[in-house]
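Participant: In case it's useful when we look at the structure, here is the feature table from Swiss-Prot:
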{"type": "SIGNAL", "residues": "1-27", "note": "signal peptide"}
{"type": "CARBOHYD", "residues": "ASN39", "note": "N-linked glycosylation site"}
{"type": "DISULFID", "residues": "CYS109-CYS127", "note": "disulfide bond"}
{"type": "CARBOHYD", "residues": "ASN137", "note": "N-linked glycosylation site"}
{"type": "REGION", "residues": "157-183", "note": "region 'Disordered'"}
{"type": "COMPBIAS", "residues": "164-174", "note": "compositional bias 'Basic and acidic residues'"}
Amino acid sequence: MYSAPSACTCLCLHFLLLCFQVQVLAAEENVDFRIHVENQTRARDDVSRKQLRLYQLYSRTSGKHIQVLGRRISARGEDGDKYAQLLVETDTFGSQVRIKGKETEFYLCMNRKGKLVGKPDGTSKECVFIEKVLENNYTALMSAKYSGWYVGFTKKGRPRKGPKTRENQQDVHFMKRYPKGQTELQKPFKYTTVTKRSRRIRPTHPG
């Protein structure tokens, strides 16, 4: 004969079902949070305070610095070259940046063919890049509009087209350097040492 399940068996089944539901909810929350972060990384933020920094980008491949020569882009600039001084505006908390040549006031952009070009107006999404700090301490710049396309240069300092670049290629690796003679801008963050607060002794008053 068929025997009804015991109360203990029912409780165990309910417990297992509850654990499964909790795991499903946790997985959904993790996916939703990851999607939220990715969306925020790609979305421009007009509320947060933008930061403007001045530095050079040293190309690991060419051994020189990125230059914004008007509409033409290269990586042949010497240390301190006026065309290699870049004004970098942080666009969002997700490390989106816009890069402008200080001398020419043209923006570094990547067009739909993956070619690096300079533009006088940097409001287009083609002029926004996602800054990635790599494990080797180099920085890579991926196009915010064309995912997977990176700013890259050959050994001769010529721009590489976006579709031919990958994050692990040395061609897309850069090192931030402050302009020659302006080392005072490179100030390390200073930590304040907090000492243990001494106990306050109250003065005694005669009764």
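Every residue gets a Cβ built from N, Cα and C, even glycine.
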Participant: Can you name the residues of this chain that are 6 or more positions from CYS109 (disulfide bond) yet have a C-beta less than 8 Å from its C-beta?
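Facilitator: Those within reach of CYS109 (disulfide bond), by Cβ under 8 Å and sequence separation of 6 or more, are LEU116, VAL117, GLY118, LYS119, GLY122, SER124, GLU126, CYS127.
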Participant: Which residue counts does DSSP yield for the region 'Disordered' (157-183) in the helix, strand and coil classes, in that order?
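Facilitator: Its residues divide into 7 helix, 5 strand, 15 coil.
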Participant: Translate the DSSP assignment of CYS109 (disulfide bond) into the three-state scheme.
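Facilitator: In three-state terms, CYS109 (disulfide bond) counts as strand.
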Participant: I want to verify one value. Collapsing DSSP to three states, which class is CYS127 (disulfide bond)?
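Facilitator: Once the DSSP labels are grouped into three classes, CYS127 (disulfide bond) ends up as helix.
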Participant: So how many other Cβ atoms are close to CYS127 (disulfide bond), meaning within 10 Å of its Cβ?
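Facilitator: Here the count is 24.
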Participant: Around ASN137 (N-linked glycosylation site), which residues of its chain at least 6 apart sit with Cβ under 8 Å of its Cβ?
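Facilitator: Residues satisfying the criterion: MET175.
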Participant: Using DSSP and collapsing to three states, where does ASN137 (N-linked glycosylation site) fall: helix, strand or coil?
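Facilitator: In three-state terms, ASN137 (N-linked glycosylation site) counts as coil.
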